[in-house]
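Now, the feature entries from TrEMBL:
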BINDING   299-306, 381-385, 445-448  GTP binding site
COMPBIAS  89-124  compositional bias 'Pro residues'
COMPBIAS  125-134  compositional bias 'Basic and acidic residues'
COMPBIAS  135-169  compositional bias 'Pro residues'
COMPBIAS  177-187  compositional bias 'Pro residues'
DOMAIN    201-278  domain 'Signal recognition particle SRP54 helical bundle'
DOMAIN    291-449  domain 'AAA+ ATPase'
DOMAIN    292-493  domain 'SRP54-type proteins GTP-binding'
REGION    62-187  region 'Disordered'
Amino acid sequence: MAFFKKLKDRLFKSSSKIEDGLDAIIEDGGTQDASDPPAEIDPKAEALATTLEGVTASEAQQAVDHLIASGAATEVPADDTAKPEPEEQPTPEPDTVPVPKPATVPEPKPDTVPTPKPATVPAPEPERVPDPKPDTIPVPKPTTPPGPRPAPAPPVEVPEPPQEVPPATPTEAPVPSGDPAPAPTPVEIPLDTLPKAEAPTKTGLLGRLLGRGDGKGVTRRALDDDMLEQLEELLITADMGVDTALRVTANLAEGRMGKRLSTQEIKELLAQEIARIMEPVARPLPLYSKTPQVVLVVGVNGSGKTTTIGKLASQFRAAGKKVVIAAGDTFRAAAVEQLQVWGDRAGVPVLTAPEGSDPASLAFDAMGQAQADGADLLMIDTAGRLQNRADLMEELSKIVRVIRKKDPSAPHNTLLVLDATTGQNALSQVATFQKLADVSGLVMTKLDGTAKGGVLVALADKFGLPIHAIGVGEQIDDLAPFDPEDFAAALTGIER
Ligand SMILES: Nc1nc2c(ncn2[C@@H]2O[C@H](COP(=O)(O)OP(=O)(O)OP(=O)(O)O)[C@@H](O)[C@H]2O)c(=O)[nH]1
(Lines of atoms letter the chains of each structure in order from A and count residues from 1; the text may use other names and numbers.)
(Lines give C-alpha, C1' and ligand atoms only; values in the text may rest on other atoms or scores of the structure.)
Protein backbone atom coordinates (compact mmCIF):
# COMPACT_ATOMS: atom_id res chain seq x y z
CA MET A 1 0.00 0.00 0.00
CA ALA A 2 1.48 3.29 -1.11
CA PHE A 3 0.52 5.18 2.00
CA PHE A 4 1.98 2.57 4.30
CA LYS A 5 5.28 2.84 2.47
CA LYS A 6 5.23 6.58 2.91
CA LEU A 7 4.52 6.19 6.62
CA LYS A 8 7.27 3.63 6.96
CA ASP A 9 9.75 5.82 5.13
CA ARG A 10 8.86 8.74 7.35
CA LEU A 11 9.21 6.74 10.53
CA PHE A 12 12.57 5.42 9.50
CA LYS A 13 14.49 6.94 12.40
CA SER A 14 12.41 5.08 14.95
CA SER A 15 12.21 1.89 12.94
CA SER A 16 15.91 1.71 12.16
CA LYS A 17 16.72 2.13 15.81
CA ILE A 18 14.49 -0.82 16.67
CA GLU A 19 15.65 -2.87 13.68
CA ASP A 20 19.32 -2.32 14.40
CA GLY A 21 18.80 -3.08 18.05
CA LEU A 22 16.96 -6.30 17.27
CA ASP A 23 19.65 -7.40 14.84
CA ALA A 24 22.27 -6.86 17.52
CA ILE A 25 20.24 -8.76 20.12
CA ILE A 26 19.73 -11.75 17.84
CA GLU A 27 23.36 -11.75 16.72
CA ASP A 28 24.37 -11.77 20.36
CA GLY A 29 24.12 -15.47 21.07
CA GLY A 30 22.03 -16.41 18.06
CA THR A 31 23.00 -19.13 15.63
CA GLN A 32 22.11 -19.82 12.05
CA ASP A 33 19.47 -22.44 11.51
CA ALA A 34 21.04 -24.00 8.47
CA SER A 35 24.73 -23.40 8.44
CA ASP A 36 26.24 -24.46 5.18
CA PRO A 37 29.79 -25.80 5.30
CA PRO A 38 32.24 -23.20 4.16
CA ALA A 39 32.67 -23.62 0.45
CA GLU A 40 35.98 -23.64 -1.29
CA ILE A 41 36.78 -20.24 -2.62
CA ASP A 42 37.52 -20.04 -6.29
CA PRO A 43 40.14 -17.44 -7.23
CA LYS A 44 37.57 -15.96 -9.60
CA ALA A 45 35.23 -15.36 -6.70
CA GLU A 46 38.06 -13.81 -4.74
CA ALA A 47 38.62 -11.44 -7.61
CA LEU A 48 34.94 -10.63 -7.76
CA ALA A 49 34.96 -9.92 -4.05
CA THR A 50 37.77 -7.44 -4.46
CA THR A 51 35.73 -5.50 -6.98
CA LEU A 52 32.63 -5.30 -4.83
CA GLU A 53 32.84 -3.32 -1.69
CA GLY A 54 31.82 -5.04 1.51
CA VAL A 55 31.66 -8.50 -0.03
CA THR A 56 33.75 -11.34 1.30
CA ALA A 57 35.35 -13.91 -0.95
CA SER A 58 33.13 -16.56 0.55
CA GLU A 59 30.03 -14.56 -0.24
CA ALA A 60 31.25 -13.96 -3.75
CA GLN A 61 31.86 -17.67 -4.13
CA GLN A 62 28.33 -18.46 -3.00
CA ALA A 63 26.95 -15.88 -5.41
CA VAL A 64 28.89 -17.34 -8.26
CA ASP A 65 27.74 -20.84 -7.35
CA HIS A 66 24.21 -19.60 -7.12
CA LEU A 67 24.38 -18.00 -10.54
CA ILE A 68 25.74 -21.13 -12.05
CA ALA A 69 23.25 -23.34 -10.28
CA SER A 70 20.37 -21.16 -11.36
CA GLY A 71 21.47 -21.29 -14.97
CA ALA A 72 21.99 -17.58 -15.10
CA ALA A 73 25.68 -18.13 -15.65
CA THR A 74 27.97 -20.88 -16.88
CA GLU A 75 31.19 -22.22 -15.52
CA VAL A 76 34.26 -21.02 -17.36
CA PRO A 77 37.33 -23.22 -17.39
CA ALA A 78 39.96 -21.88 -15.09
CA ASP A 79 42.54 -21.65 -17.78
CA ASP A 80 40.26 -19.96 -20.23
CA THR A 81 41.37 -16.39 -20.51
CA ALA A 82 38.97 -15.44 -23.23
CA LYS A 83 35.92 -13.40 -22.40
CA PRO A 84 32.67 -15.29 -22.21
CA GLU A 85 30.97 -15.62 -25.54
CA PRO A 86 27.56 -14.08 -25.24
CA GLU A 87 26.03 -16.07 -28.07
CA GLU A 88 26.99 -19.36 -26.49
CA GLN A 89 25.10 -18.71 -23.31
CA PRO A 90 22.18 -21.02 -22.79
CA THR A 91 19.79 -18.54 -21.28
CA PRO A 92 18.11 -15.67 -22.97
CA GLU A 93 18.92 -13.43 -20.06
CA PRO A 94 21.75 -10.96 -20.19
CA ASP A 95 24.74 -13.07 -19.54
CA THR A 96 27.75 -10.95 -19.96
CA VAL A 97 29.37 -11.24 -16.58
CA PRO A 98 28.71 -14.44 -14.85
CA VAL A 99 32.07 -15.75 -13.81
CA PRO A 100 34.56 -13.05 -14.29
CA LYS A 101 38.26 -13.59 -14.59
CA PRO A 102 40.52 -11.67 -12.34
CA ALA A 103 41.90 -9.86 -15.32
CA THR A 104 38.71 -9.18 -17.16
CA VAL A 105 35.99 -9.01 -14.63
CA PRO A 106 36.46 -5.97 -12.60
CA GLU A 107 33.11 -4.74 -13.62
CA PRO A 108 32.30 -3.03 -10.41
CA LYS A 109 28.73 -2.54 -11.45
CA PRO A 110 26.75 -5.19 -9.68
CA ASP A 111 23.72 -4.28 -11.75
CA THR A 112 25.21 -5.90 -14.81
CA VAL A 113 25.29 -9.29 -13.17
CA PRO A 114 22.27 -11.15 -14.39
CA THR A 115 20.02 -11.83 -11.53
CA PRO A 116 17.31 -14.37 -11.39
CA LYS A 117 15.17 -11.96 -9.44
CA PRO A 118 15.19 -8.70 -11.34
CA ALA A 119 11.96 -7.71 -9.64
CA THR A 120 13.70 -7.38 -6.31
CA VAL A 121 15.97 -4.61 -7.47
CA PRO A 122 14.76 -1.55 -5.62
CA ALA A 123 11.93 -0.17 -7.63
CA PRO A 124 11.54 3.51 -8.35
CA GLU A 125 9.57 5.28 -5.68
CA PRO A 126 5.95 5.17 -6.68
CA GLU A 127 5.11 7.97 -4.30
CA ARG A 128 6.78 10.51 -6.48
CA VAL A 129 3.68 10.46 -8.55
CA PRO A 130 1.19 12.67 -6.75
CA ASP A 131 -1.48 10.50 -5.27
CA PRO A 132 -4.78 11.72 -6.57
CA LYS A 133 -6.59 10.46 -3.54
CA PRO A 134 -5.77 12.27 -0.35
CA ASP A 135 -5.50 9.32 1.92
CA THR A 136 -4.14 11.30 4.80
CA ILE A 137 -7.41 12.75 5.92
CA PRO A 138 -7.53 11.84 9.55
CA VAL A 139 -11.09 12.64 10.24
CA PRO A 140 -13.50 12.40 7.40
CA LYS A 141 -14.96 9.03 8.23
CA PRO A 142 -18.31 9.49 9.88
CA THR A 143 -18.11 7.91 13.22
CA THR A 144 -20.53 7.43 15.99
CA PRO A 145 -19.15 9.82 18.51
CA PRO A 146 -18.59 8.72 22.03
CA GLY A 147 -20.93 9.99 24.66
CA PRO A 148 -20.80 13.64 25.54
CA ARG A 149 -17.65 14.55 27.32
CA PRO A 150 -17.85 16.02 30.74
CA ALA A 151 -17.66 19.77 30.54
CA PRO A 152 -14.32 21.30 31.45
CA ALA A 153 -13.90 22.28 35.05
CA PRO A 154 -15.97 25.39 35.55
CA PRO A 155 -14.00 28.55 36.08
CA VAL A 156 -13.90 29.99 39.53
CA GLU A 157 -16.21 32.92 38.99
CA VAL A 158 -18.83 31.37 36.78
CA PRO A 159 -21.07 34.33 36.24
CA GLU A 160 -23.30 32.98 33.54
CA PRO A 161 -26.91 32.41 34.35
CA PRO A 162 -28.10 28.89 33.81
CA GLN A 163 -28.69 28.41 30.15
CA GLU A 164 -30.61 25.91 28.26
CA VAL A 165 -28.19 23.23 27.34
CA PRO A 166 -29.09 21.50 24.14
CA PRO A 167 -29.04 17.79 24.60
CA ALA A 168 -25.51 16.83 23.87
CA THR A 169 -26.50 13.91 21.78
CA PRO A 170 -23.90 13.73 19.16
CA THR A 171 -25.38 12.33 16.05
CA GLU A 172 -23.61 10.75 13.23
CA ALA A 173 -20.91 12.98 11.98
CA PRO A 174 -21.95 14.56 8.72
CA VAL A 175 -18.55 14.46 7.20
CA PRO A 176 -18.62 13.07 3.73
CA SER A 177 -16.35 10.16 3.33
CA GLY A 178 -16.61 10.09 -0.40
CA ASP A 179 -14.32 11.80 -2.82
CA PRO A 180 -13.37 15.08 -1.37
CA ALA A 181 -12.85 18.11 -3.52
CA PRO A 182 -9.28 18.48 -4.65
CA ALA A 183 -7.08 19.69 -1.85
CA PRO A 184 -5.73 23.20 -2.29
CA THR A 185 -2.11 22.54 -3.04
CA PRO A 186 -0.84 19.52 -1.28
CA VAL A 187 2.72 19.47 -2.38
CA GLU A 188 4.02 16.04 -1.75
CA ILE A 189 7.62 15.74 -0.67
CA PRO A 190 9.30 13.61 -3.29
CA LEU A 191 10.23 10.64 -1.26
CA ASP A 192 13.60 10.32 -2.92
CA THR A 193 14.58 13.60 -1.30
CA LEU A 194 14.10 12.12 2.12
CA PRO A 195 16.80 10.22 3.88
CA LYS A 196 16.03 6.57 3.57
CA ALA A 197 16.29 3.72 5.94
CA GLU A 198 19.44 1.79 5.41
CA ALA A 199 17.64 -1.34 4.35
CA PRO A 200 18.59 -1.09 0.68
CA THR A 201 22.27 -0.95 1.50
CA LYS A 202 22.02 -3.85 3.91
CA THR A 203 20.82 -6.24 1.28
CA GLY A 204 22.72 -5.60 -1.86
CA LEU A 205 22.74 -7.67 -5.01
CA LEU A 206 24.92 -10.36 -3.52
CA GLY A 207 22.81 -10.30 -0.40
CA ARG A 208 19.76 -11.03 -2.47
CA LEU A 209 21.52 -13.71 -4.46
CA LEU A 210 22.65 -15.30 -1.26
CA GLY A 211 19.21 -15.11 0.20
CA ARG A 212 20.12 -12.83 3.09
CA GLY A 213 16.92 -11.78 4.76
CA ASP A 214 14.70 -14.12 2.79
CA GLY A 215 14.64 -16.95 5.26
CA LYS A 216 17.77 -18.88 4.25
CA GLY A 217 20.37 -19.34 6.92
CA VAL A 218 18.36 -17.14 9.25
CA THR A 219 19.94 -16.39 12.58
CA ARG A 220 17.75 -17.24 15.53
CA ARG A 221 18.21 -16.92 19.24
CA ALA A 222 16.41 -18.81 21.96
CA LEU A 223 14.26 -16.50 24.04
CA ASP A 224 15.60 -16.36 27.58
CA ASP A 225 15.73 -13.87 30.43
CA ASP A 226 18.85 -12.19 29.07
CA MET A 227 17.29 -11.67 25.71
CA LEU A 228 14.09 -10.35 27.26
CA GLU A 229 16.09 -7.87 29.27
CA GLN A 230 17.86 -6.72 26.12
CA LEU A 231 14.52 -6.33 24.37
CA GLU A 232 13.18 -4.27 27.27
CA GLU A 233 16.21 -2.01 27.12
CA LEU A 234 15.81 -1.58 23.39
CA LEU A 235 12.16 -0.57 23.73
CA ILE A 236 13.05 1.84 26.50
CA THR A 237 15.67 3.49 24.31
CA ALA A 238 12.99 3.85 21.63
CA ASP A 239 11.07 5.87 24.23
CA MET A 240 8.40 3.37 24.99
CA GLY A 241 8.86 3.96 28.69
CA VAL A 242 9.74 1.39 31.33
CA ASP A 243 6.22 0.22 32.19
CA THR A 244 5.12 -0.18 28.60
CA ALA A 245 8.38 -1.85 27.59
CA LEU A 246 7.97 -4.36 30.41
CA ARG A 247 4.38 -5.05 29.47
CA VAL A 248 5.18 -5.51 25.80
CA THR A 249 8.09 -7.87 26.43
CA ALA A 250 6.15 -9.85 29.05
CA ASN A 251 3.32 -10.40 26.57
CA LEU A 252 5.79 -11.28 23.87
CA ALA A 253 7.46 -13.85 26.11
CA GLU A 254 4.26 -15.55 27.17
CA GLY A 255 4.42 -19.15 26.01
CA ARG A 256 7.56 -18.51 23.99
CA MET A 257 10.40 -18.93 26.50
CA GLY A 258 13.07 -21.17 24.98
CA LYS A 259 11.73 -20.75 21.47
CA ARG A 260 14.23 -19.77 18.81
CA LEU A 261 13.25 -16.47 17.22
CA SER A 262 14.63 -14.46 14.32
CA THR A 263 14.71 -10.68 14.05
CA GLN A 264 11.79 -10.78 11.66
CA GLU A 265 9.73 -12.94 13.98
CA ILE A 266 10.39 -10.65 16.92
CA LYS A 267 9.49 -7.64 14.83
CA GLU A 268 6.18 -9.25 13.98
CA LEU A 269 5.46 -10.18 17.58
CA LEU A 270 6.37 -6.68 18.73
CA ALA A 271 4.16 -5.14 16.08
CA GLN A 272 1.25 -7.32 17.24
CA GLU A 273 1.73 -6.24 20.84
CA ILE A 274 2.06 -2.58 19.92
CA ALA A 275 -1.01 -2.68 17.68
CA ARG A 276 -2.95 -4.30 20.51
CA ILE A 277 -2.08 -1.42 22.85
CA MET A 278 -2.81 1.20 20.21
CA GLU A 279 -6.06 -0.24 18.90
CA PRO A 280 -8.36 1.24 21.56
CA VAL A 281 -6.95 4.76 21.17
CA ALA A 282 -7.00 4.95 17.39
CA ARG A 283 -10.07 7.07 16.92
CA PRO A 284 -10.74 9.77 14.38
CA LEU A 285 -11.73 13.20 15.61
CA PRO A 286 -15.39 12.80 16.51
CA LEU A 287 -17.67 15.20 14.74
CA TYR A 288 -21.01 16.09 16.23
CA SER A 289 -23.97 17.40 14.34
CA LYS A 290 -23.91 20.72 16.10
CA THR A 291 -22.26 23.44 14.03
CA PRO A 292 -19.94 25.12 14.23
CA GLN A 293 -17.96 22.33 15.78
CA VAL A 294 -15.41 24.00 17.99
CA VAL A 295 -11.95 22.49 18.23
CA LEU A 296 -9.69 24.09 20.80
CA VAL A 297 -6.06 23.35 20.02
CA VAL A 298 -3.62 23.36 22.93
CA GLY A 299 0.02 22.41 23.40
CA VAL A 300 3.39 23.89 24.29
CA ASN A 301 5.05 26.39 21.98
CA GLY A 302 6.65 24.75 18.99
CA SER A 303 4.79 21.46 19.36
CA GLY A 304 3.21 21.94 15.95
CA LYS A 305 -0.19 23.46 16.79
CA THR A 306 -0.18 25.96 13.93
CA THR A 307 1.00 23.41 11.41
CA THR A 308 -1.55 20.86 12.59
CA ILE A 309 -4.38 23.40 12.42
CA GLY A 310 -3.33 24.23 8.85
CA LYS A 311 -3.19 20.57 7.84
CA LEU A 312 -6.52 19.76 9.48
CA ALA A 313 -8.18 22.82 7.95
CA SER A 314 -6.95 21.79 4.54
CA GLN A 315 -8.23 18.26 4.92
CA PHE A 316 -11.61 19.26 6.34
CA ARG A 317 -12.01 21.75 3.56
CA ALA A 318 -11.11 19.09 1.03
CA ALA A 319 -13.83 16.98 2.63
CA GLY A 320 -16.33 19.74 1.88
CA LYS A 321 -16.40 21.45 5.25
CA LYS A 322 -16.55 25.16 5.80
CA VAL A 323 -13.76 25.97 8.21
CA VAL A 324 -12.81 29.09 10.18
CA ILE A 325 -9.59 29.49 12.16
CA ALA A 326 -9.11 31.81 15.13
CA ALA A 327 -5.52 32.88 15.83
CA GLY A 328 -5.82 32.76 19.59
CA ASP A 329 -2.13 33.07 20.40
CA THR A 330 -2.38 36.84 20.41
CA PHE A 331 0.82 37.21 22.39
CA ARG A 332 3.11 36.51 19.48
CA ALA A 333 2.67 38.38 16.22
CA ALA A 334 4.81 35.78 14.48
CA ALA A 335 2.44 33.01 15.56
CA VAL A 336 -0.51 34.89 14.07
CA GLU A 337 1.36 35.50 10.81
CA GLN A 338 2.30 31.86 10.56
CA LEU A 339 -1.28 30.81 11.05
CA GLN A 340 -2.33 33.21 8.31
CA VAL A 341 0.16 31.58 5.97
CA TRP A 342 -1.35 28.19 6.77
CA GLY A 343 -4.86 29.59 6.36
CA ASP A 344 -3.92 30.83 2.88
CA ARG A 345 -2.46 27.46 1.98
CA ALA A 346 -5.58 25.69 3.17
CA GLY A 347 -7.91 28.28 1.62
CA VAL A 348 -9.52 28.96 4.98
CA PRO A 349 -10.17 32.36 6.65
CA VAL A 350 -8.11 33.18 9.73
CA LEU A 351 -9.56 35.58 12.26
CA THR A 352 -6.96 37.61 14.09
CA ALA A 353 -6.81 40.25 16.79
CA PRO A 354 -4.18 42.88 17.57
CA GLU A 355 -1.09 41.63 19.36
CA GLY A 356 -1.57 41.49 23.09
CA SER A 357 -5.35 41.55 22.97
CA ASP A 358 -7.52 39.15 24.93
CA PRO A 359 -7.61 35.73 23.24
CA ALA A 360 -10.99 35.01 24.83
CA SER A 361 -12.42 38.09 23.19
CA LEU A 362 -11.11 36.90 19.81
CA ALA A 363 -12.56 33.43 20.44
CA PHE A 364 -15.94 34.98 21.24
CA ASP A 365 -15.91 37.06 18.04
CA ALA A 366 -14.74 34.08 16.01
CA MET A 367 -17.56 31.98 17.43
CA GLY A 368 -20.06 34.66 16.40
CA GLN A 369 -18.63 34.88 12.93
CA ALA A 370 -18.47 31.12 12.46
CA GLN A 371 -22.13 30.89 13.48
CA ALA A 372 -23.12 33.76 11.21
CA ASP A 373 -21.21 32.25 8.28
CA GLY A 374 -22.70 28.82 8.83
CA ALA A 375 -19.24 27.34 9.31
CA ASP A 376 -18.99 23.65 10.07
CA LEU A 377 -15.82 23.93 12.05
CA LEU A 378 -14.07 26.56 14.12
CA MET A 379 -10.50 25.79 15.13
CA ILE A 380 -9.07 27.97 17.86
CA ASP A 381 -5.31 28.19 18.26
CA THR A 382 -4.05 28.98 21.75
CA ALA A 383 -0.83 30.10 23.36
CA GLY A 384 1.47 27.45 24.74
CA ARG A 385 3.36 29.21 27.45
CA LEU A 386 3.76 26.62 30.12
CA GLN A 387 6.15 28.87 32.02
CA ASN A 388 3.25 30.45 33.78
CA ARG A 389 0.71 27.72 34.22
CA ALA A 390 -1.69 29.76 36.30
CA ASP A 391 -1.98 32.38 33.54
CA LEU A 392 -2.34 29.76 30.85
CA MET A 393 -4.97 27.91 32.81
CA GLU A 394 -6.92 31.10 33.36
CA GLU A 395 -6.59 31.99 29.69
CA LEU A 396 -7.88 28.61 28.52
CA SER A 397 -10.68 28.66 31.07
CA LYS A 398 -11.75 32.09 29.91
CA ILE A 399 -11.81 31.03 26.27
CA VAL A 400 -14.01 28.07 27.17
CA ARG A 401 -16.25 30.26 29.30
CA VAL A 402 -16.91 32.82 26.62
CA ILE A 403 -17.48 30.41 23.76
CA ARG A 404 -20.01 28.62 25.96
CA LYS A 405 -22.02 31.80 26.01
CA LYS A 406 -22.58 31.11 22.32
CA ASP A 407 -22.77 27.35 22.54
CA PRO A 408 -22.85 25.69 25.95
CA SER A 409 -21.67 22.41 24.48
CA ALA A 410 -18.46 23.95 23.09
CA PRO A 411 -15.62 23.19 22.74
CA HIS A 412 -16.53 19.89 21.22
CA ASN A 413 -12.94 18.75 21.07
CA THR A 414 -9.83 19.91 22.88
CA LEU A 415 -6.86 18.65 20.93
CA LEU A 416 -3.50 18.42 22.58
CA VAL A 417 -0.67 18.64 20.06
CA LEU A 418 2.52 16.87 21.15
CA ASP A 419 5.97 16.88 19.62
CA ALA A 420 7.35 13.33 19.35
CA THR A 421 10.93 14.58 19.46
CA THR A 422 10.43 15.45 23.13
CA GLY A 423 10.21 11.75 23.89
CA GLN A 424 9.19 10.92 27.43
CA ASN A 425 8.55 14.60 28.12
CA ALA A 426 5.35 14.19 26.10
CA LEU A 427 3.96 12.14 28.98
CA SER A 428 4.38 14.95 31.47
CA GLN A 429 2.87 17.39 28.94
CA VAL A 430 -0.25 15.27 28.75
CA ALA A 431 -0.51 15.16 32.53
CA THR A 432 -0.07 18.94 32.74
CA PHE A 433 -2.54 19.81 30.00
CA GLN A 434 -5.11 17.45 31.41
CA LYS A 435 -5.05 19.70 34.46
CA LEU A 436 -5.16 22.90 32.40
CA ALA A 437 -7.84 21.87 29.95
CA ASP A 438 -10.25 19.06 29.32
CA VAL A 439 -8.09 17.31 26.75
CA SER A 440 -10.22 15.07 24.55
CA GLY A 441 -7.64 13.74 22.13
CA LEU A 442 -4.07 13.88 20.88
CA VAL A 443 -2.20 14.64 17.71
CA MET A 444 1.46 13.59 17.72
CA THR A 445 3.68 15.59 15.37
CA LYS A 446 7.23 15.21 14.04
CA LEU A 447 7.25 11.43 14.06
CA ASP A 448 9.23 11.72 10.85
CA GLY A 449 12.16 13.38 12.54
CA THR A 450 12.79 11.30 15.60
CA ALA A 451 13.92 7.93 16.86
CA LYS A 452 11.52 8.36 19.78
CA GLY A 453 8.36 7.18 18.04
CA GLY A 454 7.84 4.62 20.77
CA VAL A 455 6.56 7.39 23.02
CA LEU A 456 3.21 7.15 21.28
CA VAL A 457 2.88 3.59 22.56
CA ALA A 458 3.68 4.76 26.08
CA LEU A 459 1.06 7.52 25.79
CA ALA A 460 -1.59 5.09 24.64
CA ASP A 461 -0.68 2.66 27.38
CA LYS A 462 -0.60 5.23 30.14
CA PHE A 463 -3.40 7.67 29.33
CA GLY A 464 -5.67 5.88 26.90
CA LEU A 465 -6.56 9.21 25.26
CA PRO A 466 -7.73 8.97 21.68
CA ILE A 467 -4.99 9.56 19.12
CA HIS A 468 -6.63 11.25 16.16
CA ALA A 469 -3.74 11.81 13.80
CA ILE A 470 0.03 11.85 13.47
CA GLY A 471 2.23 14.47 11.82
CA VAL A 472 4.84 12.98 9.54
CA GLY A 473 6.26 16.06 7.85
CA GLU A 474 5.97 19.78 7.36
CA GLN A 475 3.83 19.79 4.25
CA ILE A 476 0.10 20.37 4.22
CA ASP A 477 -0.78 16.75 3.52
CA ASP A 478 1.67 15.32 6.03
CA LEU A 479 -0.97 14.55 8.61
CA ALA A 480 -1.88 10.90 8.65
CA PRO A 481 -4.84 9.22 10.22
CA PHE A 482 -3.73 7.10 13.10
CA ASP A 483 -3.91 3.48 12.07
CA PRO A 484 -2.57 1.20 14.83
CA GLU A 485 -1.49 -1.65 12.59
CA ASP A 486 0.22 0.56 10.05
CA PHE A 487 1.89 2.48 12.83
CA ALA A 488 3.07 -0.67 14.63
CA ALA A 489 4.42 -2.13 11.40
CA ALA A 490 6.15 1.11 10.41
CA LEU A 491 7.63 1.54 13.87
CA THR A 492 9.09 -1.95 13.94
CA GLY A 493 10.25 -1.79 10.33
CA ILE A 494 8.03 -4.53 8.96
CA GLU A 495 7.56 -4.64 5.21
CA ARG A 496 4.00 -5.03 4.00
N1 LIG B 1 9.20 17.33 10.60
C2 LIG B 1 8.05 17.82 11.07
N3 LIG B 1 8.00 19.10 11.45
C4 LIG B 1 6.83 19.58 11.92
C5 LIG B 1 5.68 18.76 12.01
N6 LIG B 1 4.69 19.53 12.54
C7 LIG B 1 5.21 20.75 12.75
N8 LIG B 1 6.50 20.80 12.38
C9 LIG B 1 7.44 21.91 12.45
O10 LIG B 1 7.59 22.29 13.82
C11 LIG B 1 7.82 23.68 13.93
C12 LIG B 1 6.85 24.27 14.94
O13 LIG B 1 5.55 24.10 14.42
P14 LIG B 1 4.37 25.14 14.74
O15 LIG B 1 3.18 24.63 14.05
O16 LIG B 1 4.79 26.53 14.48
O17 LIG B 1 4.25 24.94 16.28
P18 LIG B 1 3.36 25.76 17.30
O19 LIG B 1 2.98 24.82 18.37
O20 LIG B 1 2.26 26.47 16.61
O21 LIG B 1 4.40 26.78 17.85
P22 LIG B 1 4.16 28.26 18.41
O23 LIG B 1 3.61 29.03 17.27
O24 LIG B 1 5.52 28.66 18.82
O25 LIG B 1 3.21 28.11 19.54
C26 LIG B 1 7.66 24.24 12.53
O27 LIG B 1 8.94 24.42 11.98
C28 LIG B 1 6.92 23.15 11.77
O29 LIG B 1 7.23 23.15 10.40
C30 LIG B 1 5.79 17.37 11.60
O31 LIG B 1 4.85 16.56 11.67
N32 LIG B 1 6.99 16.98 11.13
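Our numbering is plain: 1 for the first residue shown, then up by one each step along the chain.
The backbone N, Cα and C atoms fix where each Cβ goes, and this holds for glycine too.
Non-local neighbourhood of Arg385 (GTP binding site): Asn301, Phe331, Asp391, Leu392, each in the same chain, at least six residues away, with C-beta under 8 Å from its C-beta. For Gly302 (GTP binding site), the same-chain residues that are 6 or more apart in sequence and have a Cβ closer than 8 Å to its Cβ are Gly384, Asp419.
Within 10 Å of the Cβ of Lys305 (GTP binding site) there are 29 other Cβ atoms, across all protein chains. The secondary structure of Leu447 (GTP binding site), as reduced to three states from DSSP, is helical. Taken together, the residues of the domain 'AAA+ ATPase' (291-449) have an average pLDDT of 94. Sequence-distant contacts (6 or more apart, same chain, Cβ under 8 Å) of Gly299 (GTP binding site) comprise Lys305, Gly384, Leu416, Val417, Leu418, Asp419, Gln429, Phe433.
According to DSSP, Thr382 (GTP binding site) sits in a coil region rather than a helix or strand. Ranking the binding-site residues Thr382, Leu447 by other CB atoms within 10 A of the CB puts Thr382 at the bottom.
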